[in-house]
Amino acid sequence: MSDTDGKKPLGLGGGSRSGQVKQSFSHGRTKSVLVETKRKRVVVPKPGASGSSTTTSSPSHLGDPAKRPAGISDAEMERRLAALRAAKLREVEDAKRRADEERQREEERQRRREELEAKEREERERAEALRQKAEDEERARREAEEATRRAEEAKRAPAPAAPQPAPAESRASAPPSAKPGLPPSRKEREREADRDRTTKKDDSRRSGKLTLNEALSGEGGRTRSLAAMKRKQEKARQKAMGFGHKAEKQVRDVQLPETILVQELANRMAERAADVVKALMKMGMMVTMNQSIDADTAELVIEEFGHRAVRVSDADVEHVIDTVEDKAEDLQPRPPIITIMGHVDHGKTSLLDAIRKTSVVSGEAGGITQHIGAYQVKTESGAVLTFLDTPGHAAFTSMRARGAQVTDIVVLVVAADDAVMPQTVEAIKHAKAAKVPMIVAINKIDKPDADPNKVRTDLLQHEVIVEKMSGDVLDVEVSAKTGLGLDELLENIALQAEILDLRANPSRQAQGAVIEAKLDVGRGPVATVLVQYGTLKRGDIFVVGQQWGKVRALINDKGERVDEAGPSVPVEVLGLNGTPEAGDVLNVVETEAQAREIADYREKAARDKRAAAGAATTLEQLMAKAKADADVAELPVVIKADVQGSAEAIVQALEKVGNDEVRVRVLHYGVGAITETDITLAEASQAAVIGFNVRANASARQAANQKSVEIRYYSVIYDLVDDVKKAASGLLKAEVREHFIGYAQIKEVFRITGVGNVAGCIVTEGVARRSAGVRLLRDNVVIHEGTLKTLKRFKDEVKEVQSGQECGMAFERYEDIRPGDVIEIFEREEVQRKLA
């Protein structure tokens, strides 16, 4: 048997290969690459068919009609030829485009490679320069030290020998590996091989992509990544430049509001939130990143981390309000603002009606002013005056205070037949507090019992000295009914205004004071504003208290629509988003965003203030407050009024109603009609709803009937306060009064089975009744107080026993009675109390 039996002949085709190559990367990663071998199929022509196969591939054969395949027309053949030519043309263009792209990529790679090499070369040169500089400095230092040492040796030895080159120095100057006559050691050979291997790896890294030949041959295996190379170069550069030391910590200015989240504080300091939480825990505060801390604590944390705290306040949003002082050349004369003040029924509104030649007082409920009014009057001389009419009732203290704050001149109206009254004194105090000049108008001079001198004398008690009493306060005797003295009053007002020299800048952004505010059914929130500075125009965006808005319309005191209102002009402003508080200041701002931001801040501040005022700080205070509330009876009410000032006056008046045992609690007060929401609130708290010059709508009336909620309407504040006082008086505990009706003397004590000890008595004074209370006196000391169990005369049970008669008495649950004791007999009466 031959050696080749059963074996296949050897050939160049090779065995079957898997077609996969493993590609190695850095960090021990590998990747399998699938290698595809492109094969071309070679068709071997049959014998005798070589000529035909050769001509078939040529285009001339396709165009030859004699040798064309059957069933193909000339047009179809032309289309095929055109498609074939276009395909060949596309192949040529694609090949050219690929070649261009490959060339561009190669150029880009070459450019990047050159840039990287240039950068590395530059870094090496810089590092070499720094190293050379350091070596030169070190060499200079050594030479200086050597020179110093030689000088010292020269001083010690006058004739030194000629210096010979020290063999140790020559050996030290040579590199450690350069040992003459000795071959390199094994460690040096390994170090040199490692250096060559590293250089080879770096070169292979720059050589570009991994090729198929390298992958098949196993070369170019694990190499360092480009990021690692960049890190290495950056470290070398920083080390050469001397940046290896730790960078100095940056000190930041941290904006610190009133409260701040822990996470936000960490972000502003550029510190880790966990470190901030840890610092707070060291201070004894167990907080998380999402909790807020106060500004003082945050400032301590900022200082601990080495930063600077810059305090900012939420109130900074109000800095957009224009508070610039006006220049003297921009100021122009403005009308004076005169406030009419005085006691109720002294004729303030009647006097103003006489000046305006109108009849406002006839339309006032009860003949008294309950709103603050603003009017403009043009005198016969052409002067324009702005008048504010304030209520005189005691409940309208805040209204009078607001009138005094915005006024230039106060006209104090005093009735000649009534002299100085409590609200007159209050008006004097308001005028003095506002530091405004005063003119005394002695009204009702036409009455028979008028006594102007008594008014002047009474004013002396309050440090108001009129001119006729050698003082500096102007006084005028007037009569609103007959018109006497009105011209003199207007002349004095004009004279006082001329002395004050009132001026304002009409060109700046408007600022004014809210005199009155109300909620109109058809027009929405309406505010009566007295413009103090600038000019208020239609379309202006403004903020007033906790509300903001855009001026939709301006209405003057005559009910006419105007486009603008200058200084000292009272107007009604429409376009608010809510009803402001009377006394708030109106400021015009640039944008709606600013107005909304300021209003939101003010609302939040007011809410926090209310919460802080009503909150108990300690458990003891909370318990004491709860106990005090439990001992006080409350009368809950809901107040709705036509204007904001009236609502405030009612609330202030009701807060004064009550004592230590009962008080009035205003659950809610507002302006506008009574709504179903008010009824729901009243039902939940078992309160009454009070409407002052307003009415309930249909749904509110229906809800009140269903839920049995009482609604009361008033138009005069006197009646309202009196009725609430009566209702609050009903919550007071009745006062128990005792009336002594008789005395009885115990003569003998009997023991009766089933009854106990029975006292045999004689009524010495008054009468003894079965239903009355009794006290047992022994030696004029009360030893028992109770009621009678039985009252008998002889053997009959009786209701009462008259004086001088004998009877038998037994006490309820008490038997310690002795002969000689005295029984005091009395009756209790409950008397209903009333609030003062």
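Glycine too: its Cβ is placed from the backbone N, Cα and C atoms.
Cβ neighbours of I445 (GTP binding site) (same chain, under 8 Å, six or more residues apart in sequence): A416, P452, E477, V478, S479, L484, G485. What Swiss-Prot records for 342-349, 389-393, 443-446 is GTP binding site.
According to Swiss-Prot, the compositional bias 'Polar residues' annotation covers 18-27.
What Swiss-Prot records for 50-60 (among others) is compositional bias 'Low complexity'.
Counting residues per DSSP class in helix, strand and coil order gives 69 helix, 0 strand, 0 coil for the compositional bias 'Basic and acidic residues' (88-156). Summarising the annotation, Swiss-Prot assigns compositional bias 'Basic and acidic residues' to 88-156 (among others).
Look at Swiss-Prot and you will find 167-176 (among others) tagged as compositional bias 'Low complexity'.
Per Swiss-Prot, compositional bias 'Basic and acidic residues' is recorded for 185-206 (among others).
Over the domain 'tr-type G' (333-501) the predicted model carries a mean pLDDT of 79. Annotation comment: Swiss-Prot describes 333-501 as domain 'tr-type G'.
The region 'Disordered' annotation in Swiss-Prot covers 1-234.
For the region 'G1' (342-349), the DSSP counts in helix, strand and coil order read 2 helix, 1 strand, 5 coil. As annotated by Swiss-Prot, region 'G1' applies to 342-349, with the evidence given as similarity to another entry.
Residues or ranges marked as region 'G2' by Swiss-Prot: 367-371.
The region 'G3' annotation in Swiss-Prot covers 389-392 and rests on similarity to another entry.
The annotation region 'G4' is assigned in Swiss-Prot to 443-446 on the grounds of similarity to another entry.
Considering other CB atoms within 10 Å as the measure, the emptiest surroundings among the binding-site residues G342, D345 are those of D345. Within 10 Å of the C-beta of T390 (GTP binding site) we count 28 further C-beta atoms, all protein chains included.
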